[in-house]
């Protein structure tokens, strides 16, 4: 009888310990932050920026006609960076797959998302939709490995013009036709411009998403090059207010290019979900500072990048 009682008490101890662990994990109300390494366009740069603490990377995709051909930015670019690093797009995607596929020798558990900055400004109107179709085909074949143990990271498609919503429609249609509509759960969207003559209003951006057939998985970016003055962050604050409103359509907001400690702290204080930076180690340092480590943490794969975390 005593042995039986001891076994029962022992089992309850294990259960309670497990419950305490679960509660502790759920009780972590710190804002998860995506640490986006800026302008990672050569495969040799991938481990370098991951080693600096990035949990996400951004690459620039340039086109020949409607075909995504290179990861390349070109001049001018952020101060202190090599603007002409590049790789063939298919090779870059295959390499990303290696770093984000469990079991691969290069796998990095902390690498959870990448942003494709799609340079569609060079495209004619009739090339926009085919470009979206071609990017979907490249991702399906070279990153997702046609659905057979491909990379697990989330993908954000960043378009520089709200008028290019047909890109998204073409992208989605390819995955549906190929029988991989499920992969759209891994895809988010960011309409970031155009910048000239002025940035579109949030209402205009929302309308573009409706035309693209997108409801959810929405990221919004705001910022300037790292050599520009900080300014008052008026648009950023407006976007965060919209995100946190009852009828907000934005899920995540990131700010670029944030390289200074002071600007990093300011962006976090305002309420961003992500910071795009040339120095991921700066954000890591700030996240470990008093006043920040209790309110923010580096996002992990278990954090849903399409979930809205209000301020």
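Heads up, the Cβ atoms here are built off N, Cα and C, so glycines get one too.
Features reported for this protein in Swiss-Prot:
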type	residues	note
ACT_SITE	38	active site
ACT_SITE	73	active site, nucleophile
BINDING	58, 60, 117	Mg(2+) binding site
DISULFID	77-83	disulfide bond
SIGNAL	1-21	signal peptide
Collapsed DSSP category at residue 117 (Mg(2+) binding site): strand
Near-site residues: Mg(2+), ref 58, 60, 117, CB cutoff 8 A to centroid: 38, 39, 41, 59, 61, 71, 73, 115, 116, 158
Three-state secondary structure, residue 73 (active site, nucleophile) (per DSSP): coil
Cβ neighbour count (within 10 Å, all chains shown) around the residue listed as 'active site, nucleophile': 24
DSSP state at residue 60 (Mg(2+) binding site), helix/strand/coil: strand
Cβ-based isolation winner (fewest other Cβ atoms within 10 Å) among the disulfide-bonded residues 77, 83: 83
Rounded to the nearest Å - Cα separation of the residue listed as 'active site, nucleophile' and residue 83 (disulfide bond): 6
Candidates 58, 77, 83, 117 (recorded positions) - the one closest to residue 38 (active site) by CA: 58
Residue 58 (Mg(2+) binding site) to residue 77 (disulfide bond) - Cα separation in whole Å: 14
Cβ atoms near residue 38 (active site) (within 10 Å, other residues, all chains): 28
